[in-house]
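Participant: Before anything else, here's the structure in question.
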Amino acid sequence: MTTILYDMINAMHVRRFWVSGIVLAAAIALLPFSFHAERHLETATRVEGSQAETVRQELADRFRSPFVDRVVLVIQGLPPADTDAGGKALDVIAAGLKDQPGVSGVVSYLDLRDPIFLGRGGGTFVLVGLTSSDGPVESLVPKLHQLASSLENQLRGRYPAVKLELTGEIPLNFDIRKASAADVQRGERLVIPATLALLLLAFGSLMAAFIPLAVGQLAIATTLAITGLLAQRWHLSILVQNLATMLGLGLGIDYALLMVSRFREAISAGHSGPEASVIAARQAGHTLLISASTVAIGFLALLTVPISEIRSIGIAGFLVAGMSVLLTNTLVPAVLALLGTRINLGRLPFTPKLDADRAARTGDRWRRWGKVIVAHPWIALLVAGTPLLLLAWQARHLDTSLPRGDWLPKTAESVHALNTLEQMDRDGVVESLRVIVELPTDSIAQTDAGWNVLDRLTKRLASDPRCDRVISITTLAEGNQSSLNGLSRETRRTFLSSDGRAALLELIPKGSVSLRDQVTWVRELRKTGAPALTGVPGATLLVGGIPALNADYETIIKDRFPSVTALVVGGTLLALLCGFRSIFAALKAIALNLLSVAASFGALVFVFQDGHGSRFLGVPGGTGSVFPLVPIVAFAIVFGLSMDYEVFLVARVLEARRSGLSEMDAIPEGMARTAGLITSAAAIMIVVFAAFTIGDFLVVKMIGFTLAIAVFIDATLVRIVIGPALLRIAGDWNWWPGGLATARREPVTTSRE
């Protein structure tokens, strides 16, 4: 693999203008698509093959329900809906909604006369079905906001306190999209100046600092452009823009930082720009290829999870890693070859001309530290390993379920409307369980037996202490089968399948029932099954709705976590074996990565789940659990990112060993040549990830925190203490069986251009 890479680097260098021109042209061609990527990304979660998705599809195809997608219009400031004045005002609102394009159905107290529509304090709500043929239903939310405002103005002359607000899954997703975009913008505003300052401290010149930053930005833009194009055909999550920005700045800058550092070393040694670029590409290119491979493996493993959010993160992460290493190994060497000594343009006045003195002093300090570690490896392991093991021990308490507390964007209208529904004691309508029951032979609508089964099931489910009310075709007909024909066609389509053999029951949970209890309720219903609930052998029961989607989400992640872990660890091990040609070096890297991951999960539990210091991150009190998404995604990302610094260090120690140094001397030499780089790269990564902990999107906040802690642990205790200590203890076993074999070296090829 190394020989092939050298040949490729020489070939690219000889044609560097062609290579850089093609890559740059392709990147520029993609840029316009990045500006519109967000509009194609979804906030709705899709769990492929889940029972919740099956219920949704059944309602759309078999029931032809106008309320497959729906929003809740919360109404305050009007007379009660069961009065004449309130009914007239409600009729004005319903008429306005029915005339709105994209509205497929409207149901209020006027239609069903059900007490569920009469909220505490006189408030009410309207269920609004939506359908969109030219894009996601979320695109209808702004138009509904405008309509609600117009209806408010129409009614305000008579009812000055009238207030109409939208909530439900779709408006909440719409506001989460806005919060996500705001978090990205806020993160970039904080990260870019801070990153530039760190790069200036690392390099001492504007030109050298600008190149990694430009690579990071270009990696983000191209990734967003490609995902935007893919999202026109496949379901991709809005989390793409958060993760692409976070990882693009981290990985893109990280990789380019290594390349520029190697180039400046070669320039300082007296090589010309073209020669230095080939030397840098040879030395750094192989390291970057191994590093990017380990990162990519983690993201590819996420594609095996049939959840749109997780697959989206896998695609975005894979593209970011690929674009970062592609740009760094093609465009950056070509630019560096052209710059030559001009890499130091814009030098800070207090920095020595070529940083030779500073580099020597820094290297000497790390060399002395390395000698201390190799002289006392067991003590180093004990001192650094103990706190990490204690932190990792906390991870055993990790609870992956929906967090408690109010973790939605607090300023969003949909959240305010949801809180209003809660005050009305009607927030359960947003989180209802949508149960479809089907009988094997009897028609529910046309036979007494079928009708009686549904009536008994409705009453049985309504007796559950977690249930506020059950709405079904039997409750709407007041238990009288002969009243069925008196219901509107829209109502019958909503609650009864076209063949009459399946019926929908809406289970409205009480406001006191938590999200976790709702998930438990879903699992109990599924486990009990239709035959036991109905007393009819062969009957089937499907449970959908938001609680069911949450249950399916948690179940699939827990089921797939072991296989994702095995794929990530196995794939990374294979990549390291190919890269280092050493069994011990690969196994050691895996073990240290697992330690870093466990310690970062322990920190996640300590801070977010248990609430120790979480208020400093804008989370008052502990969340009690972490989103199921966070551990599996963080594991895949952390495992790849943590490998970066291991690869950097081991590659340098291996170079020193191949040059003839003993293990005792090679380890301090490798540390002297990489510790400064690792410190700079880690500082940038930590700043990037930490910037995303101050946003409003709690799941991104948790991921950003976990990644920042993992990088900090990895770049400090693991790579500058534990890693070198283990290298010293293993001795020559580090490079068995073929790690010390010298790779083929070609003479530096000068350009024909």
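Residue numbers in this text run from 1 along the chain shown.
The backbone N, Cα and C atoms fix where each Cβ goes, and this holds for glycine too.
On a predicted model such as this, the values are computed, not experimentally measured, just so you know.
Just lifted these from TrEMBL, have a look:
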TRANSMEM  17-37  transmembrane segment
TRANSMEM  190-208  transmembrane segment
DOMAIN    218-338  domain 'SSD'
TRANSMEM  243-263  transmembrane segment
TRANSMEM  283-303  transmembrane segment
TRANSMEM  315-339  transmembrane segment
TRANSMEM  373-393  transmembrane segment
TRANSMEM  561-578  transmembrane segment
TRANSMEM  590-609  transmembrane segment
TRANSMEM  629-654  transmembrane segment
TRANSMEM  675-694  transmembrane segment
TRANSMEM  700-722  transmembrane segment
Participant: Report the listed stretch (243-263, 629-654, 700-722) having the maximum count of Cβ pairs within less than 8 Å of the transmembrane segment (590-609).
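Facilitator: Of the candidates 243-263, 629-654, 700-722, 700-722 scores highest.
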Participant: What stretch, picked from 190-208, 243-263, 675-694, 700-722, has the most CB pairs under 8 A with the transmembrane segment (373-393)?
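Facilitator: That would be 700-722.
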Participant: List, by number or range, the same-chain residues at least 6 past the transmembrane segment (675-694) whose CB is under 8 A from its CB atoms?
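Facilitator: Here the qualifying positions are 183, 186-187, 190-191, 194-195, 198-199, 201-202, 242, 246, 249-250, 253-254, 257-258, 261, 359, 362-363, 366, 369, 617-618, 641, 644-645, 648-649, 700-701, 703-705, 707-708, 711-712, 714-716, 719-720.
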Participant: When the domain 'SSD' (218-338) is classified with DSSP, how many of its residues are helical, how many are strand and how many are coil?
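Facilitator: Output for the domain 'SSD' (218-338) reads 103 helix, 2 strand, 16 coil.
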Participant: Counting CB pairs under 8 Å, which listed stretch among 190-208, 243-263, 283-303, 561-578, 700-722 touches the transmembrane segment (629-654) the most?
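Facilitator: Between the candidates 190-208, 243-263, 283-303, 561-578, 700-722, the best contact partner of the transmembrane segment (629-654) is 283-303.
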Participant: Which value does the mean pLDDT take for the domain 'SSD' (218-338) in this predicted structure?
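Facilitator: Mean model confidence (pLDDT) across the domain 'SSD' (218-338) is 83.
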Participant: Which residues of the chain, 6 or more past the ends of the transmembrane segment (190-208), have a CB below 8 A from one of its CBs?
Facilitator: 216, 249, 253, 257, 260, 264, 339, 342-348, 351-352, 355, 358, 676, 680, 683-684, 687-688, 691, 694
